[in-house]
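Visitor: According to TrEMBL, the domain 'Enolpyruvate transferase' annotation covers 13-414. Positions annotated as 3-phosphoshikimate binding site by TrEMBL: K22, R27, S163, S164, Q165, S191, D307, K334. Taken from TrEMBL, the feature phosphoenolpyruvate binding site applies to K22, G94, R122, Q165, R338, R380, K405. Residues or ranges marked as active site, proton acceptor by TrEMBL: D307.
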Amino acid sequence: MTTKKIVSHHIVDPEVVMPGSKYLANRYIALAAIANGETVLRNLPQNDDIEAALDAVGKLGATVRHLSEKEVSIRGIREYKQQGTVKLNCRDSGTLSRFVTALASNLESETVIDASKQMRQRPMAEVAQSLRDLGVEVSGNNLPIKLKGPLRGGTISLDTSRSSQYLSALLIASLKAKSDTRIKLVGKTVSSSYVELTKEAIKKFGGRVEDISSSELLVKGEQYLSAPNIDVAGDVVSSSYFMVAALLGKTSVTIRGFDFNSPQGESLFYGILSKMGAEVECQAGTLKVSYTGSLRGTEVDMGNMPDVVPTLVVLALFVEGITHITNIAHLAFKESNRIVDLCEQLNKLGAEITYSKDSITVTGGQNLQATTLSSCHDHRLAMSFALIGIRIPGIVIEDAQAVEKSFPLYWDYLEKIGIEVADVNSQLIGVQNGG
């Protein structure tokens, strides 16, 4: 276990360029695996999730070649009936577990899909039953899952009230189904902007998803997918940490290559910061966020911005007044129970923070004390907790290696903008805490 301590900071108007978006990369890798030809992906992020995705599509039959550190080529699967059983391990990637399960349904051979102990607890029943309804042989409703295609197509009803990943996975897989697939949506789709991200990715490969109505989608089967060359846009979620770092450091940050055109909800996070009193300047791919002297609490629906909720909650600790965050029940199904674990860890600081099954309320301006916080094996919590050290030096983050899932160079990035990060002997912490 890696433990980090935020020692001090000297942040002065930094400029940063974000690594490629893992959200986009996951979708491009899945689509490249079923495209007709060779796709080249540039500015590919380097993290555990992307390594797992490339490994998985390679085992499904795609040909993956690393052209350089951040560039790969992927030639689509040419043989959908392989010899023997294909065994895949999605490691700690919830997105991959859904995407690759749906992708594997196109194979006319047996596939066994597994993941880490933590991921085995993530819900998979909706995907499994949908695939059964589309003609796939599926054994089990949680990982490990065994399945055998092909995906025949048909009409299904899909509950998207807990996760939009089910829908994204089925949209991609259905492009190669033997016949058309009609998907009727049940319940309110959470994180619907991620579905739009999937549709945009499909368009880049020449695929098509038809919106029959607001609750019904049609995907034509056996679509021809082109193999484009794509530069992966910067990660908008990762940029949120540097926006908040600047505000907590009472300075400004300039983010180069920001994707203002992204359909991903988190790309609008700067709008919430503006509402709270930050100064925001947007110009031709460059975003600048500046501290103005005071920040105030707000009330905001974060249903389409789930992955920046921890970042916002940390900022809310240090602003005037109350911040009320709603429509976040789906955070219970992330790498941790992100509502409970986030709030319980912050309570250790002396924070005034309450939560329900779909909301968090933070009263800012409390007298907080440095302590040791656990990331709960959640990369988003680890990265957000580190920002607290800007205002409260001495914060210690246990399980700091969780950042490797999405942003392995995070601690280096913090150092580059002026935040001093120290490695800590975790055994020594245990002795000091009476553990």
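Cβ coordinates come from backbone N, Cα and C, glycine included.
Just so it is clear, the model here is predicted, and its values are computed rather than measured.
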Visitor: Which ones in the same chain are close to R338 (phosphoenolpyruvate binding site), with CB under 8 Å and 6+ residues apart in sequence?
Guide: V309, P310, L331, A332, D378, R380, L381
Visitor: Using R122 (phosphoenolpyruvate binding site) as the reference point, find which of the binding-site residues K22, S164, S191, K334 has the shortest Cα-to-Cα distance to it.
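Guide: Checking each of K22, S164, S191, K334 against R122 (phosphoenolpyruvate binding site), the shortest Cα distance is to K334.
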Visitor: Rounded to whole angstrom, what's the largest C-alpha distance between any two of K22, R27, S163, S164, Q165, S191, D307, K334, listed as binding 3-phosphoshikimate?
Guide: 18
Visitor: What is the number of other Cβ atoms found within 10 Å of the Cβ of K405 (phosphoenolpyruvate binding site)?
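Guide: The answer is 22.
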Visitor: Mean pLDDT, the domain 'Enolpyruvate transferase' (13-414)?
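Guide: Mean per-residue confidence for the domain 'Enolpyruvate transferase' (13-414): 96 out of 100.
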Visitor: Just the number: how many Å between the Cα atoms of Q165 (3-phosphoshikimate binding site) and K405 (phosphoenolpyruvate binding site)?
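Guide: Cα of Q165 (3-phosphoshikimate binding site) to Cα of K405 (phosphoenolpyruvate binding site) measures 18 Å after rounding.
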Visitor: Write down the Cα-Cα distance for G94 (phosphoenolpyruvate binding site) and S164 (3-phosphoshikimate binding site), rounded and given in Å.
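Guide: Cα-Cα distance, S164 (3-phosphoshikimate binding site) to G94 (phosphoenolpyruvate binding site): 12 Å.
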Visitor: Since the record lists K22, R122, R380 as binding-site residues, which of them has the fewest other Cβ atoms within 10 Å of its Cβ?
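Guide: Selected from the binding-site residues K22, R122, R380 on minimum Cβ neighbours within 10 Å: R122.
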Visitor: If you measure C-alpha to C-alpha, which of K22, R27, S191, D307, K334 (binding-site residues) come within 10 angstroms of G94 (phosphoenolpyruvate binding site)?
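Guide: Within 10 Å of G94 (phosphoenolpyruvate binding site): K334.
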Visitor: Can you count the other CB atoms that lie within 10 A of the CB of Q165 (3-phosphoshikimate binding site)?
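Guide: Counting Cβ neighbours of Q165 (3-phosphoshikimate binding site) within 10 Å gives 27.
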